[in-house]
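As recorded in TrEMBL:
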type: DOMAIN; residues: A:2-30; note: domain '4Fe-4S ferredoxin-type'
type: DOMAIN; residues: A:84-113; note: domain '4Fe-4S ferredoxin-type'
Amino acid sequence: MKRIIIDREKCDGCLNCNVACISAHEEGSNFYTVNLGSVDSETRNFIKFDAKTGYTPIFCRHCDEPECVLSCMSGAMEKDPVTGHVKYDESKCAACYMCVMNCPFGVLKPDNKTRTKVIKCDFCEEKQDGPSCVKACPKQAIEVKEVSR
Amino acid sequence: MKIVIIGASAAGISAAKTIKVAEPDTQIVVISKEDSIHSRCMLHKYLGHERDAKGINFVHENFFAENNITWLKNTTVVDLDTDKKFVRTNDNQAIYFDKLLIATGASYFIPPIPGLREAKNVYGFRDLKDAQLLDSECKTAKNAVVIGAGLVGMDAAVALLERGLKVTVIEMMNGIMGLQLDEKSAEAYQQLFEEHGAEFLLSDKVTSVNIDEAGKGRTIHLASGKSVCADVIVIAAGVRPSFDFVEKSDIATKNAILVGDDLQTNIKGIYAAGDVIGISGIWPNAMKQGKIAAINMLGEKLRYEDRYALKNTTNFYGLTTLSLGNINPKPKESFDVLIREDRNNYQKVVMKNGIILGVIIQGNINSTGFWQYLIKNKIDVSGIDKDVFDLSYADFYKVDSISGEYLYAI
Ligand SMILES: Cc1cc2nc3c(=O)[nH]c(=O)nc-3n(C[C@H](O)[C@H](O)[C@H](O)COP(=O)(O)OP(=O)(O)OC[C@H]3O[C@@H](n4cnc5c(N)ncnc54)[C@H](O)[C@@H]3O)c2cc1C
C-alpha cells in the first residue's frame, strides 16, 4: 500500500501541509483563496512544536492494524482491502468518538463546528496526483512511498 | 473447516470478518436471536427518530451474502453439546461445528424491587426490539422515568427527550455517569440535560412501584419518600453476561464464560468473546476480542493482551468528554490530582509517582488518543520536563523506518 513517509529531520514547520490539506477539503478553494480563519477550516495533519522535540509531523498512518476501525461502532471507519487506506464515511458516523480515544497517536479529532463527525485523512483519494500535503511540502519531509502490508 | 458463531454483534461480526479475510474458504454459520444487525450504541438515534433500523446497521447491507456466510437470524441457541459438537436452536435444529465462538453478549437486569419486574411498561435498552417497544410507547406516553444514570440510561434519556417526553432520571450515586465522570464534569452534562427538560433525582433509590389495573407501573416510590409518576419506565441498572444455553454443558462459568488468554474456554475448540466473557462492556474491546478469538480458531496463538477497559468517550448535546482510568481516586491525598480549566474546557489528570492513572478531558478532545496508551502501559512521565497537560504523542514520537508506522519511544 501507499503511505506518507515522514522524515522529521527535514521538517521546518512551515505548515504548508496544513494549508494544503484545508484547501483540498474546501470546495473550490486554492492556496490563495483558502479561508484559514473559518471554523470549517480543519487540517487533517498536524505539526507539533516545542523547544524540546522540535517540529513533529503527525499524519494518519492508515495503520496496518487500525485501532480506529476496530473501535468503530457504526461501520463508518473501514480499511479498504484494495488500497489499504482507512476510509471514513461521514454519513454512517455516530460521533461517539471511540476512534479519537483509541488512536494511540492522537491523529483523530472531532470537527470543531458541530462535533458530529471526525476529521480524518482520506489520502486525497479523489485527486489524481496524490495527497495534497505531500505536493505542498517544500522540504520533501513527507513523501508517498509504497510499503508492504 | 466449519465455524459456528453465536451472536451477530461487535464480537461475532468482527470474528466473522477476520476469518473471511484470513481464510475465505472457511464455512461460517452465524446465529443470532435478532433479525437485524445493529449497533446498540446507536439505539438512541433510532428511538430519537434520527435514524431508521437501516441507519444503525454497522455492516454493509449485503454483508452475509458478499462474504458467503450463512446467517440464521431469529434463531436462539438453547443448548450446547460439547461432545458431539453441535448447538441446538429454539426451532430444534442441530447445528454442527468444528469450532465454536460464543459471542452472546449481555442482557439487562431488572433489580428485584417490588412491582418493577411485574410492571408491563418497564423496558430495558439493549436490543433494537427494546427500542421498538419504547418507540410505540412514546406515541402515547407523556412521562418517562429512567432508572440508572449510567451511559445507557443517559442514551435512553436523550432519545426520550428528543421525542418530547418529560423525563425523570433516578440514580443511586450522587452524580450522573458516576463511573466515567467526576463531580465537575458530571455537573456540566446534568446542566445540559436539565436545559433540555430532564429532571434528576440523585442519591436516591427506587423502593417500590405501584401497578394500575392495566398492569402498568404508575407510581415509583423512592427511599427519600418522594414519588414520581410514570407512563413508561426504562431500566438501566446494569447488564449481565448471557449464557443460559451452556448451563447444562461442561463449559466453565462464573457470572461470565471463563476463557484463557487465548479466549478459549475450558473446552478445546470452543471460544468466547465480547461482553459474555465479563471482562469489559464496551464495543472496541468486544471487536478486538472477536478478532483475536477468530485468529486463534484458525490455529494461530495470539494472546488477548490489550485488556484495558476503563475508557470511554461521551458526546451529549455536542459536549465531548474523554475519560480514562481512575478518575475519582480515594483517598485523594495520596494521589497527585491536577486540574486545568477554562470556560470551555475541564481537564483532570490523576497521577502517582510519575505514572498517570486517570484522565478526564471535557470540551476539546482533539488528538487525545495518546492518553490511553500512557495509562495502560504505565509510562513514567516524570522525566519529561513540561506541564503534564501539554503532553502529546510528539513527546514519544518514533517512526518504524521500514513500514513508516508510528511507534512509541519509551
Ligand atoms: C444503549 C447502549 C449504548 C452503548 N453505547 C456504547 C458506546 O457508546 N461505546 C461503547 O464502546 N459501548 C457502548 N455500549 C456497549 C456495547 O454495545 C457492547 O459492549 C457491545 O455491544 C458488546 O458486543 P458483543 O458482541 O459482546 O455482544 P452484544 O452486542 O450483546 O450482542 C450479542 C449477540 O448475541 C446474540 N445472542 C445472544 N444470546 C443468543 C442466543 N442464545 N442465541 C442466539 N443468539 C444470541 C444477540 O442476538 C446479539 O446478536 C452500549 C450499549 C448499550 C446497550
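Glycine is no exception: its Cβ is also placed from the backbone N, Cα and C atoms.
Keep in mind that TrEMBL annotations are predicted by a computer and have not been checked by a curator.
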Quiz item: Going along the chain, which residues at least six beyond the ends of the domain '4Fe-4S ferredoxin-type' (A:84-113) come within the CB cut-off of under 8 Å?
Solution: 1-2, 39-40, 42, 46, 58-64, 66-78, 119-123, 125, 149
Self-check item: Summary of DSSP states over the domain '4Fe-4S ferredoxin-type' (A:2-30), given as helix, strand and coil counts
Solution: 12 helix, 5 strand, 12 coil
Exercise. Averaged across the domain '4Fe-4S ferredoxin-type' (A:84-113), what pLDDT does the model get? Just tell me the whole number, please.
Key: 97
Quiz prompt | Counts by DSSP class (helix H/G/I, strand E/B, coil) across the domain '4Fe-4S ferredoxin-type' (A:84-113) | solution = 5 helix, 5 strand, 20 coil
